[in-house]
Amino acid sequence: MSSVRIECVANEGYGIGESPVWDEREGALLCVDITGRKVCRWSPVTGQTQAIPVDAPVSSVALQKSGDYVITLGTRFAALKWKEELVTTIIQVEKDKPNNRFNDGKVDPAGRYFAGTMAEEIRPAVLERHQGSLYTLFSDLTVVKHFDQVDISNGLDWSLDHKTFFYIDSLSYSVDAFDYDLQTGKIGNRRSIYKMEKEESIPDGMCIDTEGKLWIACYDGGRVIRLDPETGKRLQTVKLPVDKTTSCCFGGKDYSEMYVTSASDGMDKEWLSRQPQAGGIFKITGLGVKGVPPYPFAG
């Protein structure tokens, strides 16, 4: 795989860069900086990043059918009008848990927004455990809770036949699969399909390619790995020049480019001097596979 090329396209120094999503309409990459409290949009044409500040930790962003965006903000699902820089709350969860916030989220093939929560971290990956839950925001703006007792609700995606939901609770060091009902959005029959190797560290964000293989960003592992969910085998490892790789998505004109977000929170001066691109956005080309375009929220 000598043709694989890695480039830092936006050295933004995000505290926790997360939730990369390709916006085909804009020809741009969306992402968030959770602790920096901003939603960002990077243009490959100009090389510039625009950012909209928000009033709480913002952990995921998704496309909306109307042309705007939806985000998870604190413990709220919210709508974001980009041009007006206007955020409106759709619904709040976990009002009884002031120390919680949403983490990763993604829209399913039917246009529902799946997102999970976690307790606020004391230090990166150090937090009160079992405080999180997984939710779905439906297009009629109602919310369903699937399960609780989650540590760090993270990477999510769906199989190409839409019959399996893949999910990561980071501190389980496992990639899990559920049976998934496209009609109802219900999930069940949870099982582990991959356990992380020691050097891969903590599983974080995830995406799927057109061959049905999963790509996982390894937080503190400085890499993305490609897995076969059928066999549970690791097929490929791509190492990055930063340790805290957080999430990945495919994008570009034909979805053949991979974009990887990263974090700089918890790194001291010496560590940052060794990894000056920490918190940047990386583009990987030459992988030889393409990704699946993101689904827009139907509400």
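Backbone N, Cα and C atoms are what each Cβ position is placed from, and that goes for glycine too.
Where the annotation comes from TrEMBL, it is an automatic prediction and has not been curated.
Features reported for this protein in TrEMBL:
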DOMAIN    16-264  domain 'SMP-30/Gluconolactonase/LRE-like region'
BINDING   Glu18, Asn154, Asp204  divalent metal cation binding site
BINDING   Arg101, Asn103, Glu121  substrate binding site
ACT_SITE  Asp204  active site, proton donor/acceptor
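Taking the features listed in TrEMBL, we show where each one sits on the structure.
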{"residue": "Glu18", "record": "divalent metal cation binding site", "CB count, 10 Å": "27"}
{"residue": "Arg101", "record": "substrate binding site", "CB count, 10 Å": "23"}
{"residue": "Asn103", "record": "substrate binding site", "CB count, 10 Å": "26"}
{"residue": "Glu121", "record": "substrate binding site", "CB count, 10 Å": "17"}
{"residue": "Asn154", "record": "divalent metal cation binding site", "CB count, 10 Å": "29"}
{"residue": "Asp204", "record": "divalent metal cation binding site", "CB count, 10 Å": "29"}
Quick check: of the binding-site residues listed here (Arg101, Asn103, Glu121), which one has the Cα closest to that of Asn154 (divalent metal cation binding site)?
Asn103
I want the residues beyond Arg101, Asn103, Glu121 whose C-beta is within 8 angstroms of the mean position of the substrate site's C-beta atoms, in chain order.
Ile34, Pro57, Ser59, Asn100, Phe102, Thr117, Met118, Ala119, Glu120, Leu127, Ile152
Max CA-CA distance, Å, over listed substrate-binding residues Arg101, Asn103, Glu121:
11
Cβ within 8 Å of the divalent metal cation site centroid (Glu18, Asn154, Asp204 excluded): which residues?
Ser19, Asn103, Asp104, Ile152, Gly155, Ile168, Ser170, Gly205, Ala217, Tyr219, Thr246, Ser247
Out of the binding-site residues Arg101, Asn103, Glu121, give me the one sitting nearest to Glu18 (divalent metal cation binding site) by CA distance.
Asn103
